[in-house]
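Below: the structure, in structure tokens.
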């Protein structure tokens, strides 16, 4: 099963957790032993953080692999994968570490498992420096399913910074192969909608203010579409801790999806949060691509695994995307065409 060991420098390009996610997922899928050195070497807290460790342990468990050097603060790991199996697997960051990033590393692997899988992912659902779970469900899911598979994402509890405490259950059946995608025609924007949420002790007025500010900002640029942003109070039993944020989606006539999102922080007024999300969405609509800046890098691994050439049209290529391409080429050596 095992081929020659792949050596990865974890300090180059994006230089963070993304290198670990791409390289361990591909190592697991292709049955290639892996060593990653200089993990997060340039970060203020170098080495593995709790969310990286829980992701690595999950991949190890998915395939009964061997993982060495995996502890908090470690800057080098070796991983020897075995056969990917289905079943129920759990990963818990025990922090506000993102469940969406856990999903990013595990989903490509369980697509090629021996049987259906159920992933129980615990941590932050709406956390900084990562996609919000609403983005994963509303944008990533419909687009990635164009590769020819389906998954179900059940948000049991939402968790926010700093406590985490969220839980998401992802269910999916394996496939024999992935189909290439061709996302070249952007079409025109037909719908703009979203949700502005508050959870815990935050007053509902905050959600309404975020939504109203976002709508005003979008109307300055796009006048002929109804912008439907729903203010939401997360039910007490389905949210752990306090948080607020907003996600706004634009849908086009050809089924492309773009988003802008923002999370509230202590001391930042609600209008500012709403405007930040609206401006992000508008910037993503200006560049003329078929995917937004946060989707590009998440599609690379699937493009690398698909049976044929995939094409997506992007705006400016992000460092995360360049990093994903670099390591997918190093490890999987697929044929790309952008």
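From the backbone N, Cα and C atoms, a Cβ is placed for every residue, glycine too.
Sequence annotations record features per position, and here TrEMBL assigns domain 'RNA 3'-terminal phosphate cyclase' to 13-333. What TrEMBL records for 104, 294, 295, 296, 297, 298 is ATP binding site. Among the features that TrEMBL reports, domain 'RNA 3'-terminal phosphate cyclase insert' is placed at 185-285. What TrEMBL records for 320 is active site, tele-AMP-histidine intermediate.
Everything TrEMBL records as a feature, shown here on the structure.
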residue: 104; record: ATP binding site; Cβ contacts under 8 Å, 6 or more apart: 21, 25, 298
residue: 294; record: ATP binding site; Cβ contacts under 8 Å, 6 or more apart: 131, 135, 139, 259
residue: 295; record: ATP binding site; Cβ contacts under 8 Å, 6 or more apart: 139, 140, 143, 257
residue: 296; record: ATP binding site; Cβ contacts under 8 Å, 6 or more apart: 289, 312, 314, 317, 318, 320, 321
residue: 297; record: ATP binding site; Cβ contacts under 8 Å, 6 or more apart: 18, 318, 320, 321, 323, 324
Residues lining the ATP site besides 104, 294, 295, 296, 297, 298 (CB within 8 A of their CB center) are 131, 140, 291, 299, 300, 320, 321, 324
Neighbouring CB atoms within 10 angstroms of the CB of residue 298 (ATP binding site), all protein chains considered, total 24
A correct count of other C-beta atoms within 10 Å of the C-beta of residue 320 (active site, tele-AMP-histidine intermediate) gives 19
For the domain 'RNA 3'-terminal phosphate cyclase insert' (185-285), the DSSP helix/strand/coil residue counts are 37 helix, 37 strand, 27 coil
Mean per-residue pLDDT in the domain 'RNA 3'-terminal phosphate cyclase insert' (185-285) works out to 97
Largest C-alpha distance in Å for the ATP site residues 104, 294, 295, 296, 297, 298, as a whole number, is 13
